Each structure stands twice: as C-alpha cells, then as structure tokens.
Amino acid sequence: MDDNFNVTYITFSGHVEVHKYRYLYFLIMFSVYILIICFNFTIVCLICIHRNLHEPMYIFIAALLINSVVFSTNIHPKLLIDFLSEKQIISYSACLFQFYLCYTLSGSEFLLLAVMAYDRYVSICKPLQYPTIMRKTTVSILLGVAWLLPACQTAVAVILSADMKLCILTLKGIFCNNSIYNLHCVSSRTLSIFGVIAVINAALFPLLFILFTYTRILIISYRRLNVRKKAAQTCLPHLLVLISFSCLCAYDIIIVRLGSDFPKTARFIMTLQAVLYHPLFNPIIYGLKMKEISKHLKRLICDVTY
C-alpha cells in the first residue's frame, strides 16, 4: 500500500527466474508481439483492400483478428515492462482494468466464433436466403452484440471486485486473470454466482450453439456432395480456432481451481503459451486455410519478393 497516494499494489509471483533470464524473456515476448501485430493486421488489411473479401465471413474474421491484437496489447506491454523491472508489480485498479479487457475480449472471441458458425450455417444450409439474412445491418448488430455483451458482463464483475477488501497482495501469475479472486479476504457469493452466469452466457451458450450449427452443416454436407468441399474449406479453420481457444479457456479455469497444487514452472510455461500461441495461431490458420485470403496473401508475398 502506497500511503501517499492511497494506491494498493499487487505483486506478480508467477515469474520463473526473471532476474536471470529477463533479457531472453523480453526478446522472445517482444519478437512475438511484433509478429502478432504484423500477421493479424496483414490479413485485416487484405480484407479491407480487396472488394471480393467484403463479405460477412471475412468481416467476422477481421473482427476476430483485431480482437486478438487488442488482447495481446492488453498483456504484452506490461509483461515487457515487468521483465526489465526489479519488482513485478501493478496497482489494483490497473489490475482490474487488465482483468476487464482480458475477459471482455475472451467472451467476444467465443461470441464472434458463434456468429461465424451461424454465417457458415446460413451460407451452406440456406444458400438462397443468405443475401437476405446476412445483410449489412445484421452483420453490424451481430458484431455489436459480440463486443458489448461481454463488456457489460465483465464490467459488473469488476465493479463487484473493486469493493472487495484485499488480504493477499501477491498474485500467483504473470498478469491479472481469475486469480484476483484469491486476493479477497472473503469469498463473495454474489460474485461467484454472477461469474457462473457470465461464463454460461459468454462461453457455454456460444459453444453449444457452435456445436449445433456445425452438426447441422455436417448432416447437410453428408447428404449433398456438392457442398462438402465448401464446408470443409470454410468450416475447418473456424473449428481449429475454436478448439485452440477452448483449450486455453479451460486451462484458465482449471489453474484457479488447482491453486497452489499446480507447479510454478508449469504454470509459467502454460501461461506464456496462452499469451503467445493463440494470437499467432488465428492469422496463420486463416491465412493458409481460407482460399481467397491465401490467394491474396501469396500475391502480396510475390509482389514484396520481386
């Protein structure tokens, strides 16, 4: 506690031998962060520039990639500062803000993946109605809901946490995630119930909806040979991203439940993978697996090379 300004500071205890490997950590994290920005914005720029990519599916992909960049920007700069600092600390208010962005963007990712699944369902199962259903207004509403719903839900959790008294000022992690609940003196029943409701709304319902839509697409593809190729080309990348992100979210929940039973080094490695791997995975998958994006990407690489 800083008495002069009445600011409470949280210490991150999840780093492993940061004083010994600080420059190596910094170099790896900085390099990956630059790659995340370059890879994601390259795909986003291609979608913006080329008119044949101005379709709902590609707009949703662009939104997902922007989501990944903002998520990385929420975590990476602070990690880079911590690697070069003697003490890895953060004010409680800044910690809550990082927590807010982290779970707002995570919820948005699930909802965007659900929106993309709905887009593929309409495109493959109701192709004649697709232009009527997926209009610009519909796309705008779906994007608005995907970003605003998690933002409002997470805001309530942050407001409830802000009023909680802290008894522990050491966070077992390297950034502010669900572990902040372990800092509270008393476990809040209201916060716990709301957390479950938020997870159901932002993760479970979208996940069930995605499974339902892809099951329907699978059934239609099995019956109609002419849509199998289209379904495989456009749905596979979404499924790979969904599986990757679901595994990372499951880890985030499990790590809080296990608490001190999870080895510090294993926790550190898994957390680094979560912040390094997934934001790079999205643009690589969509750049390689989406035919139209891949075509423009190859053309761009050839133009730069020659």
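In case you wondered, yes, glycine gets a Cβ from its N, Cα and C as well.
Note that the structure is predicted; figures quoted are calculated from it, not measured.
As annotated by TrEMBL, domain 'G-protein coupled receptors family 1 profile' applies to 39-286. Here the domain 'G-protein coupled receptors family 1 profile' (39-286) has a mean pLDDT of 86 out of 100.
Annotation comment: TrEMBL describes 23-49 (among others) as transmembrane segment.
Here TrEMBL flags 56-76 (among others) as transmembrane segment. Residues of the same chain lying 6 or more positions beyond the ends of the transmembrane segment (56-76) and with a Cβ under 8 Å from any Cβ of it are 29, 32-33, 36-37, 40-41, 43-44, 47-48, 98, 101-102, 105-106, 108-109, 112-113, 115-116, 119-120, 123, 134, 138-139, 142-143, 146, 175, 234, 241, 275, 278-279, 282-283, 286, 290, 292-293.
Here TrEMBL flags 96-118 (among others) as transmembrane segment.
As annotated by TrEMBL, transmembrane segment applies to 139-162 (among others). Through the fold, the transmembrane segment (139-162) approaches residues 56, 59-60, 63, 93, 96-97, 99-100, 103-108, 111-112, 114-115, 118, 180-181, 184, 188, 190-191, 194-195, 198, 201-202 of its own chain, all at least 6 residues removed from its boundaries and within a Cβ separation under 8 Å.
The annotation transmembrane segment is assigned in TrEMBL to 191-214 (among others).
If you look up TrEMBL, you'll see 235-256 (among others) marked as transmembrane segment.
Residues 14-16, 28-29, 32, 35-36, 39-40, 42-43, 61, 64-65, 68-69, 71-72, 75-76, 79, 173-175, 237, 240-241, 244-245, 248, 251-252, 255, 294, 297 of the same chain lie 6 or more positions beyond the ends of the transmembrane segment (268-288) yet place their CB under 8 Å from a CB of it. What TrEMBL lists as transmembrane segment is 268-288 (among others).
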I'm a bit unsure how to read this: which one of 23-49, 191-214, 235-256 has the highest number of Cβ pairs shorter than 8 Å with the transmembrane segment (96-118)? 191-214
Looking only at residues six or more beyond either end of the transmembrane segment (23-49), which have a C-beta under 8 A from one in the stretch? 58-59, 61-62, 65-66, 68-69, 72, 76-77, 79-80, 83-84, 276, 279-280, 282-284, 286-287, 293, 296-297, 300
